[in-house]
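Annotated in TrEMBL:
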{"type": "ACT_SITE", "residues": "Cys194", "note": "active site, acyl-thioester intermediate"}
{"type": "BINDING", "residues": "Arg95, Gly96, Gly97, Asp98, Ile99, Thr100, Phe101, His102, Ala163, Ile164, Gly165, Gly176, Leu177, Ala178", "note": "substrate binding site"}
{"type": "DOMAIN", "residues": "50-234", "note": "domain 'BPL/LPL catalytic'"}
{"type": "SITE", "residues": "Lys160", "note": "site 'Lowers pKa of active site Cys'"}
Amino acid sequence: MISESWLPFCISNWWEMRGPGKLEVWKMGFVNYLDALKLQEKLVSDRKLCRIPDTLLSLQHSPTYTLGKRRTDHNLLLPVSELKNIGAELHYTQRGGDITFHGPHQAILYPIISLREIGIGARNYVEKLESTMIELSSLYGVKACAGQKGETGVWVGERKIGAIGVRISYGITSHGLAYNIDPDLKYFKHIVPCGITDKEVTSLRRETATVLPAEEVIQEQLISCFARLFGYSTVTWKENPSMFSDHESID
């Protein structure tokens, strides 16, 4: 679930900037997974050097399976050669956690934030990510909760509605959470989601009796839950920002 490295950074500014302040939200729409990965790496580097404020990427991916640093390939239940036939990709990452799926109609948040400036540790950070998805679910009358010991993410009964896999490097976070609004759940049948057997995956559409608004509205609600739970006093929004306009050194 967590891949972590803690070393001093931005020491000269730490006490002055401690506590949540400004959060910059990038609303990005659909982004290729590898492009998003490269962007996160660049933003993490910039955040370590205090060149940017805490930043939250809000996006979606085309069908993509990702594995964490433990490389649990055995939890992919079909040959890699067959992924193209179902329109999916596979990518390896340095985040914590097991195999998971990203796809359309799933709300994804990648926070690039300084835990030291906020003043929280890794465990509290993950708990706040869980609470973000739990609070969103409650807006639609869905009672979700954090998993039992060894069960990461957020659950509705025995059904998983949200996944978490994060990386923390020098106190700066990347990767994040994926919340199922209404994805094609058939993709989850090809994996052991997050390495947990005998459990189902569900979605907000399946669990709520409420008529859902446009997905953009739900994504913005998820962002609002995140900002409130993390205590940001100022939130600014970037609509469809160019990944490369201010980040030419990504490639």
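A Cβ is built for glycine as well, from the same backbone N, Cα and C atoms used for every other residue.
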Predicted model, mean pLDDT over the domain 'BPL/LPL catalytic' (50-234): 92
Cα distance (Å, whole number) from Lys160 (site 'Lowers pKa of active site Cys') to Gly97 (substrate binding site): 15
Inter-residue Cα distance where the pair is Lys160 (site 'Lowers pKa of active site Cys') and Phe101 (substrate binding site), in Å: 12
Cβ atoms near Arg95 (substrate binding site) (within 10 Å, other residues, all chains): 24
Residue, out of the binding-site residues Ala163, Leu177, whose Cβ gathers the largest set of other Cβ atoms within 10 Å: Ala163
For substrate, whose listed binding residues are Arg95, Gly96, Gly97, Asp98, Ile99, Thr100, Phe101, His102, Ala163, Ile164, Gly165, Gly176, Leu177, Ala178, the greatest C-alpha pairwise distance in Å: 16
Other C-beta atoms that fall within 10 angstroms of the C-beta of Gly97 (substrate binding site): 25
Rounded Cα separation (Å) that holds between Ile99 (substrate binding site) and Lys160 (site 'Lowers pKa of active site Cys'): 14
Lys160 (site 'Lowers pKa of active site Cys') to Leu177 (substrate binding site) - Cα separation in whole Å: 13
